[in-house]
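Participant: Sequence annotations record features per position, and here Swiss-Prot assigns signal peptide to 1-35. Swiss-Prot lists 36-370 with the feature topological domain 'Lumenal', giving sequence analysis as the kind of evidence. Sequence annotations record features per position, and here Swiss-Prot assigns N-linked glycosylation site to Asn64, Asn85, Asn94, Asn133, Asn157, Asn166, Asn185, Asn228, Asn331. Marked as transmembrane segment by Swiss-Prot: 371-391. If you look up Swiss-Prot, you'll see 392-404 marked as topological domain 'Cytoplasmic'. The motif 'Lysosomal targeting motif' annotation in Swiss-Prot covers 400-404, and the record cites experimental evidence as its basis.
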Amino acid sequence: MFRCWGPHWGWVPCAPTPWLLLSLLVCSAPFGLQGEETRQVSMEVISGWPNPQNLLHIRAVGSNSTLHYVWSSLGPPAVVLVATNTTQSVLSVNWSLLLSPDPAGALMVLPKSSIQFSSALVFTRLLEFDSTNASEGAQPPGKPYPPYSLAKFSWNNITNSLDLANLSADFQGRPVDDPTGAFANGSLTFKVQAFSRSGRPAQPPRLLHTADVCQLEVALVGASPRGNHSLFGLEVATLGQGPDCPSVNERNSIDDEYAPAVFQLNQLLWGSSPSGFMQWRPVAFSEEERARESALPCQASTLHSTLASSLPHSPIVQAFFGSQNNFCAFNLTFGAPTGPGYWDQYYLCWSMLLGMGFPPVDIFSPLVLGIMAVALGAPGLMFLGGGLFLLLRHRRYSEYQSIN
């Protein structure tokens, strides 16, 4: 209803009706009145034993709650997210147990009774497809090459990339075993950033964030593809909600000021709000400048249940949740067989938000509100003016008295 499929890669504007504009304006108005919460956010690398380990803890303290995000590249890159109803909750790490074959119980948020929500997200594999003979929108988008297991990557020491001023840190990795030299000049980077207040990043897709979220930016740079038209993707796994998987939905908007020609926002929700959520726009970029010309479509497969034994093992997920868990997985693929692609500059970047509480809701920008006011106001003024004209004309004729 809000988008049309363009000739090259994505969505182009469709003309909405005035009634649609009015309904969207009315529906979005309450969200524009919601308050913004500021949190005291700290970011630290938890010291490992006996050697430094990549365990990043983000603690966001609000007026009566605390959010914990624990990111790690022990095994595949993963994050454990925990929301508590106290400002005093703390993270406890048992390093000797965490680095053991059975790390269950090594990671805790105390007091346990304060935990209101917890889940995890694991980035298990880097996917690559040969899209030479693939059709638009096909799933999978071509013949798959053997995937790269992210549990078999070597990751940098994140202490060297820790930026406390911007509340960010980079996990940068390469395969431990790279017989073809595909990553000789390349790397895969997971950039994590936290926020103490609401706002938008300077670069597209400029997702609206609050103090309740972290942003993850995934960048594949300089790696040699195994084909002339390779498409890349990520396999993502999360904990199921009992026997069921989290829900995935799409939200549409007529406002594309912050992400030109992209009118859709995808959401993964763990249960009903307020709980946890993952948000992203279905767009990636093949150039560092992230102009519209370098935009790539991002497609998500259906979320499905999967066996834990089929996924790379995540020590921090087992450390917090134990070994008996139901997992759900889905794939994200970036690009299409035609148009711009990773092959242009050997660059791919995609962003998402991960948070707890109520997902951020976009309100209409001043520019779009002005356009809507004109679109809705002009017909109304014409109708009002026409009515006044007819009324005055009727009164003029009714006051006329014949001289006879």
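Each Cβ is built from the backbone N, Cα and C atoms, and glycine gets one as well.
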Participant: Express the distance between the Cα positions of Asn166 (N-linked glycosylation site) and Asn228 (N-linked glycosylation site) as a whole number of Å.
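Facilitator: With the alpha carbons as reference points, the distance is 38 Å.
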Participant: Within 10 Å of the Cβ of Asn157 (N-linked glycosylation site), how many other Cβ atoms are there?
Facilitator: 15
Participant: Nearest by CA distance to Asn133 (N-linked glycosylation site): which of the glycosylation sites is it, out of Asn64, Asn157, Asn228?
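Facilitator: Closest candidate to Asn133 (N-linked glycosylation site), judged by Cα separation, is Asn228.
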Participant: What's the most sparsely packed of the glycosylation sites Asn85, Asn94, Asn228, Asn331, counting other C-beta atoms within 10 A?
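Facilitator: Least crowded of the glycosylation sites Asn85, Asn94, Asn228, Asn331, by Cβ count within 10 Å, is Asn228.
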Participant: Which of the glycosylation sites listed here (Asn85, Asn185, Asn228) have a Cα atom within 10 Å of the Cα of Asn64 (N-linked glycosylation site)?
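Facilitator: The glycosylation sites close to Asn64 (N-linked glycosylation site) (Cα within 10 Å), listed in sequence order, are Asn85.
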Participant: What's the CA to CA span in angstrom from Asn94 (N-linked glycosylation site) over to Asn85 (N-linked glycosylation site)?
Facilitator: 24
Participant: Look up Asn331 (N-linked glycosylation site) in the DSSP assignment and report helix, strand or coil.
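Facilitator: Its secondary structure by DSSP: strand.
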Participant: Give me the non-local Cβ neighbours of Asn185 (N-linked glycosylation site): same chain, 6+ apart in sequence, Cβ-Cβ under 8 Å, ordered along the sequence.
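Facilitator: Looking at Cβ-Cβ distances below 8 Å from Asn185 (N-linked glycosylation site), excluding near sequence neighbours, one finds Gly222, Ala223, Ser224.
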Participant: Which one is it: of the glycosylation sites Asn85, Asn157, Asn331, whose Cα lies the shortest distance from the Cα of Asn228 (N-linked glycosylation site)?
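Facilitator: Of the glycosylation sites Asn85, Asn157, Asn331, Asn331 has its Cα closest to that of Asn228 (N-linked glycosylation site).
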Participant: Specify the count of other C-beta atoms within 10 Å of the C-beta of Asn133 (N-linked glycosylation site).
Facilitator: 10
Participant: For Asn331 (N-linked glycosylation site) and Asn85 (N-linked glycosylation site), determine the Cα separation and express it in whole Å.
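Facilitator: One finds 33 Å between the Cα atoms of these residues.
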